[in-house]
Amino acid sequence: MPKNLSVLGGGVDGYGSAIRKRENTRGRDLSYPPLPEPLTVPVYDNHTHLEISDGEHPLSYREQLDRASSVGVRGVIQVGGDVETSRWSAAAALIEPRMLAAVAIHPNEAPALEEAGTLDDALAAIHELAGQPRVVAVGETGLDFFRTPENGRAAQFRSFEAHIRIAKERGLALQIHDRDAHEAVIDTLLRVGAPERTVFHCFSGDADMARLCADHGWYMSFAGNVTFNNAARLRDALSAAPRNLLLVETDAPFLTPLPYRGRPNAPYLLPNTLRGMAAHLETDVSLLSAQITANTELVYGRWDAEPVTAAFAGSDDDARPEQAPRGGLA
Ligand SMILES: [Zn+2]
């Protein structure tokens, strides 16, 4: 598990509840930012972690999605990072029409699993989950040379390559986590053969890399950090990326867009990032939303392509067990 997260109770039966908690609370404002002005043309958040609770008054995933709906964020891709959170993601997507799931072992998880001799079991579990309904992507997978030292990289490569193969075998999109590993990620994709729909989640390359991704038809998903003052290089990449390969995400609860940097992030804050992108591109917000929504549906399909499972579509109470962290809607 990524450091600065802790395990909460609940598990996959606790559909309303988060199963991870963000621990980094020092010096941060822990209140959720206010709702932005609603978008006229709805969009999707193509990368979020609703299994991770954050803030002084954590929100259940349904409260998160209700807030998102109220500002024109129509749906989310809920992303797992280990077997347990991937199971949670797949299970929640099965009962929630606004959610589709991505499943994977995060690159920073792979080394510890390899050391424990359980990486192959974990990959087998991901392979199985990737075959479930409403699981539309394999991710987040990739390489992270920032947080994983040299001695963990062989495991990262092995895990990344296995995930690429799973995505291709299952016919799913691939969501890539690339931190300080641009060249190695690109080399691996070219060596193993990239899936037809490949997405760089939280794109962090420069304009040259954006052009290279464009040459291969790889999608670039921009997160709240594109609004940060020190992100001029990232905004140059945004300018260089063809509009038909653009996606947008929150990576919530992390990477909260300006002017709320450091506070808990949530899918309902996606309009802030989108408006920042539109302003930089000197384009109309609705035009950009319409383009990104079309791109998102080409990558993942429609949110109603596979039905939610009626057996789980119970009342709100069924979906919110007592142990769920509850927070009132402000
Ligand atoms: Zn993520």
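Glycine is no exception: its Cβ is also placed from the backbone N, Cα and C atoms.
TrEMBL has this to say about the protein:
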- HIS47, HIS49, GLU140, ASP251: divalent metal cation 1 binding site (BINDING)
- HIS177, HIS201: divalent metal cation 2 binding site (BINDING)
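Same-chain residues with CB within 8 A of the center of the HIS47, HIS49, GLU140, ASP251 CB atoms, the divalent metal cation 1 site residues themselves not counted, are THR48, VAL79, GLY139, GLN175, HIS177, HIS201, CYS202, GLU249, THR250, ALA252, PHE254.
If you measure from the Cα atom of GLU140 (divalent metal cation 1 binding site) to that of HIS177 (divalent metal cation 2 binding site), you get 6 Å.
The candidate set comprises the binding-site residues HIS47, HIS177. Of these, HIS47 has the most other Cβ atoms within 10 Å.
According to DSSP, HIS201 (divalent metal cation 2 binding site) is assigned to coil rather than to any helix or strand. Note on the binding-site residues GLU140, ASP251: the fewest other CB atoms within 10 A surround the CB of ASP251. Counting in whole angstrom, HIS177 (divalent metal cation 2 binding site) lies 14 from HIS49 (divalent metal cation 1 binding site) by their C-alpha atoms.
Other Cβ atoms within 10 Å of the Cβ of HIS49 (divalent metal cation 1 binding site) number 25 in total over all chains. Each residue contributes its Cα atom, and for ASP251 (divalent metal cation 1 binding site) and HIS201 (divalent metal cation 2 binding site) those atoms are 9 Å apart. HIS201 (divalent metal cation 2 binding site) and HIS47 (divalent metal cation 1 binding site) are 7 Å apart (CA-CA, integer value). Taking only the Cα positions, the spacing between HIS201 (divalent metal cation 2 binding site) and HIS49 (divalent metal cation 1 binding site) is 13 angstrom. The local packing around HIS201 (divalent metal cation 2 binding site), expressed as other Cβ atoms within 10 Å of its Cβ over all shown chains, amounts to 28. Following the DSSP three-state reduction, the secondary structure of ASP251 (divalent metal cation 1 binding site) is coil. When secondary structure is read from DSSP and collapsed to three states, GLU140 (divalent metal cation 1 binding site) falls in the strand class.
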